[in-house]
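Student: Below is the structure I would like to discuss, written out as structure tokens.
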Amino acid sequence: MGRTLAEKVWDDHVVRRAEGEPDLLFIDLHLLHEVTSPQAFDGLRMSGRTVRRTDLTIATEDHNTPTLDIDKPIADPVSRTQLETLRKNCAEFGVRLHPLGDVEQGVVHVVGPQLGLTQPGTTVVCGDSHTSTHGAFGALAFGIGTSQVEHVLATQTLPLAPFRTMAITVDGELPAGVTAKDLILAVIARIGTGGGQGYVIEYRGSAIEKLSMEARMTVCNMSIEAGARAGMIAPDRTTFDYLEGRPNAPVGADWDAALEYWKTLRTDDDAVFDHEVRIDANTLTPFVTWGTNPGQGAPLSSAVPDPASYADPSDRLAAEKALEYMGLSAGQPLREIAVDTVFVGSCTNGRIEDLRSAAAVLKGRKVADGVRMLVVPGSVRVALQAVEEGLDKVFTAAGAEWRHAGCSMCLGMNPDQLAPGERSASTSNRNFEGRQGKGGRTHLVSPQVAAATAVTGTLSAPADLSDVPVLTEV
Amino acid sequence: MEAFTTHTGRAVPLRRGNVDTDQIIPAHWLKKVTRNGFEDGLFEAWRKDEGFVLNAPERKGATVLVAGPDFGTGSSREHAVWALQNYGFKTVISARFADIFRGNSLKNGLLTVVLPQETVEALWALTEADPAAEITVDLVAREVRAEGVTAPFELDDNARWRLLEGLDDISLTLANEADIAAYEARRPSFKPSTARV
């Protein structure tokens with residue numbers, strides 16, 4: 001019987017397979033950041049171990065970093081200590097680091113791909129659940145805890161429990177104004193936050209094949225919000241074109257050999273998935289969340305659901321609690337929900353295409369009175385590209401704040417936070433209680449919906465701005 | 001890692017599903033660079049509500065958390081496990097755990113036990129009616145016992161053995177160092193390297 005893409009990549013990385021033991025897998029790329037690594041380096045020091053493969057390890061600073069005044073000392077002493085700890089650890093153990101102020105600094109999941117480090121058929125790990133992003137290249141990529149970070153630093157391997165395979169096939173054409181973000185939010189609403197538990201998801205079908213690398217990263221990024229171990233998309237011409245010429249992409253004979261291998265990375269026709277889901281792209285519309293987990297979402301054209309409509313008692317209770325926290329009532333049209341803040345950025349939607357699509361909606365328009373809009377590029381490289389294209393001017397002319405690169409308000413570890421009771425339309429990935437600041441309320445949206453919402457002050461799609469032509473991004 | 005064989009203690013019934021790791025330990029706590037001192041951050045936002053179950057005086061000293069389905073979703077932060085352990089929990093029972101949280105818990109000796117939702121409901125009913133009621137989680141027999149409840153649970157033999165012995169994963173892996181070296185020797189040259197170019 002044939003094998004799926006995920007099974008092929010897994011098999012190619014087995015270091016040791018023994019009866020009654022989990023497979024021991026080799027890790028091709030280990031990404032580090034300041035938050036989940038200090039205790040791992042401490043562990044190495046305490047046991048007298050070293051980093052086995054510094055040439056497969058790279059670090060950047062993203063979660064804690066400020067997005068204003070980055071040339072000044074970091075005001076929060078605890079954040080400063082954590083960043084200094086990463087710098088000290090990387091120096092001591094010989095790990096390449098791109099710190100705040102460096103041209104390659106940025107959100108770890110934006111940095112890996114743009115350097116050309118994330119490649120098809122590789123295993124990629126990071127102490128961050130959104131490592132699933134890298135699956136867009138046909139890599140097997142997953143988030144790990146700090147104990148596993150230490151394990152990979154010391155051994156460049158991980159013992160891993162077997163997984164199940166799921167195919168999510170999206171055929172058809174995404175309608176104009178519907179993006180990869182709307183697609184993945186619709187997928188999560190359909191299968192639930194636990195629907196992917198134990199699975200590696202492969203996204204396939206004609207609508208997926210048409211997506212750009214940026215859009216594919218948005219889809220794979222949020223696989224974890226469906227509870228999946230990882231998300232993957234088979235590499236193709238789009239993938240190879242994105243990689244060719246990037247700083248750490250293979251060159252010469254290595255490029256030819258890599259390409260030959262990458263072309264084998266497709267699910268065999270006779271392979272069988274443990275579970276299959278089919279979605280018709282033509283039926284999708286702009287999608288937003290109304291609740292406090294990413295599965296609590298609905299089409300923007302609909303209304304806040306009535307908790308009583310849920311058959312499952314725990315879903316009903318969850319919806320009740322979510323509406324209470326979000327300050328919403330059943331039946332309220334989603335388009336009438338007013339926001340205080342709009343956030344464009346994060347590992348989900350902080351890449352150049354995301355900024356372009358938000359800027360295209362904002363161009364010649366103004367952010368509504370009383371609304372604060374933050375635009376935070378995913379990396380310094382993304383910021384430089386945006387400046388070259390004049391996107392920063394579009395944002396500032398509209399009244400938005402153009403910030404420095406980092407995770408920023410996606411999780412509010414730096415000063416970019418919502419105040420209690422404040423409501424945001426956010427292009428990030430989690431609408432958990434307090435995620436963007438204690439008491440803050442988050443609606444997850446696409447970059448286009450974020451920009452349109454900034455203009456009207458209530459959740460809106462670009463099509464709601466009558467004189468703005470509908471975009472055909474993706 | 002701390003070994004886990006069998007544990008008996010009072011419980012905290014947490015009637016919530018989809019308890020994400022941002023609720024277990026909010027992000028601002030993650031700036032700490034140690035594995036301890038997270039107990040005050042555990043469920044920080046919910047504990048501000050006096051009626052929250054963890055605040056009830058009769059739950060003080062409880063060591064078994066009985067939670068709704070999909071416990072530990074979201075962020076991979078191992079700090080969530082440390083916060084539960086720092087607070088005093090030895091084991092968490094739920095109908096379903098998020099994968100990364102489950103992996104993190106077992107690597108730290110916090111036993112996460114999967115039981116059917118009906119059994120979770122029975123344990124909620126028992127411990128809500130009688131806060132002094134004890135629950136025994138027996139990893140040797142792979143069984144949870146409480147008044148009126150005897151429920152077997154599954155945990156693969158390898159994970160169980162590592163917990164029972166309190167084994168260090170890295171040492172186990174390094175015992176097979178020759179396998180790693182052999183893999184490295186045959187790894188293709190086109191594979192990525194982080195060396196600066």
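Cβ atoms are placed via backbone N, Cα and C, with glycine included.
OK, TrEMBL features for this one:
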- A:C347, A:C407, A:C410: [4Fe-4S] cluster binding site (BINDING)
- A:418-442: region 'Disordered' (REGION)
Student: Once the chains shown are all counted, how many other Cβ atoms turn up within 10 Å of the Cβ of A:C410 ([4Fe-4S] cluster binding site)?
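Tutor: Around A:C410 ([4Fe-4S] cluster binding site), other Cβ atoms within 10 Å: 29.
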Student: Other residues with Cβ within 8 Å of the Cβ centroid of A:C347, A:C407, A:C410 at the [4Fe-4S] cluster site?
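Tutor: Here the non-site neighbours turn out to be A:D62, A:H63, A:V107, A:H109, A:H130, A:G345, A:S346, A:T348, A:G350, A:G378, A:G406, A:S408, A:L411, A:S428, A:N429.
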Student: State the count of C-beta atoms found within 10 angstroms of the C-beta of A:C347 ([4Fe-4S] cluster binding site), not counting that atom itself.
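Tutor: There are 28 such Cβ atoms around A:C347 ([4Fe-4S] cluster binding site).
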Student: In the region 'Disordered' (A:418-442), how many residues does DSSP call helix, how many strand, and how many coil?
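Tutor: Result for the region 'Disordered' (A:418-442), in helix, strand, coil order: 0 helix, 6 strand, 19 coil.
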Student: Once the chains shown are all counted, how many other Cβ atoms turn up within 10 Å of the Cβ of A:C407 ([4Fe-4S] cluster binding site)?
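Tutor: That number is 32.
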